[in-house]
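Visitor: Please find one structure pasted underneath; my questions will follow.
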Amino acid sequence: MMKNPLAVSIPGLTLKNPIIPASGCFGFGEEYANYYDLDQLGSIMIKATTPQARYGNPTPRVAETPSGMLNAIGLQNPGLDVVMQEKLPKLEKYPNLPIIANVAGACEEDYVAVCAKIGQAPNVKAIELNISCPNVKHGGIAFGTDPEVAFQLTQAVKKVASVPIYVKLSPNVTDIVPIAQAIEAGGADGFSMINTLLGMRIDLKTRKPILANQTGGLSGPAIKPVAIRLIRQVASVSQLPIIGMGGVQTVDDVLEMFMAGASAVGVGTANFTDPYICPKLIDGLPKRMEELGIESLEQLIKEVREGQQNAR
């Protein structure tokens, strides 16, 4: 039997291919199930879940930018109970689709409460920890910008979680390396990166920011070079697996993420412009890998990581 060249294995996740719709760009999968069989995907990162329902920020929440978009959705979601009782059971009809649950909160207790429960869902195989949220107990500073706070949060959720934890790193920091190292010391099983870059657009007629929240997260092709740089940086100091994301829209983008040090790839904003983007990437990968002399993604991951170790 021929080995699947697209298969990758990372903590908690045995993936038939590395393509994962990113959290916040795929809802809870229901909308995209009308377009194609979700079982084709490697995994799904579902929308952020908080202990209680959140209604999000006032509108407008989205603004177009050259080669990207700004969003300030505000973690709108139905809350943990609805996700557990309604959203996740609907995805159980896809037996070959491991779910990564994205968890967010306003304080450490929020994260602990959600992580303790959500991993008990039979199809949730890993948790993605969104640490770009403001910490209300510490003046609203994001959890992911302070190594000590990030360490404590990671350690706290690891104590209660029954599935591996992937911490989502923010690019809105001076130096990402000490934060990644603190998270690894806290017991994380891997990283997902990068989250959005903070940005703003101004309406020339009103002379005010377009977004009601004023600032929003920049995503799309514009941020890919930033993602590649930061993935490479983190991969050079840590052996933990990385789910790379940020501006992926082509097969070459996927392979570039792997060559930077990723072990799987998240696809976000591209889902809005082409609902079929994930199946297209999965279909296109084998041919491009053959052209580039890549036997398998597992082999590519091994070669890249060994090269980075030798370069230290």
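Glycine is treated like the rest: Cβ placed from N, Cα and C.
Remember, it's a predicted structure, so these values are computed and weren't measured experimentally.
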Visitor: Write down the one residue from K47, K90, K93, K117 that Swiss-Prot lists together with N71, A72, I73, G74, L75, N130, N195, T196 as binding substrate.
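Guide: Among K47, K90, K93, K117, only K47 appears alongside N71, A72, I73, G74, L75, N130, N195, T196 as substrate-binding in Swiss-Prot.
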Visitor: Find the one among the binding-site residues S23, A48, G246 whose C-alpha lies closest to that of T196 (substrate binding site).
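Guide: Going through S23, A48, G246 one by one, the Cα closest to that of T196 (substrate binding site) is G246.
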Visitor: Please tell me which one of the recorded positions listed here (K47, A72, G74, C133) sits closest to G268 (FMN binding site), measuring Cα to Cα?
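Guide: For G268 (FMN binding site), the spatially nearest of the recorded positions is K47.
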Visitor: C133 (active site, nucleophile): which of the binding-site residues S23, A72, G74, G246 is the nearest Cα neighbour?
Guide: G74
Visitor: Around G246 (FMN binding site), how many other C-beta atoms are within 10 angstroms of its C-beta?
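Guide: Result for G246 (FMN binding site): 30 neighbouring Cβ atoms inside 10 Å.
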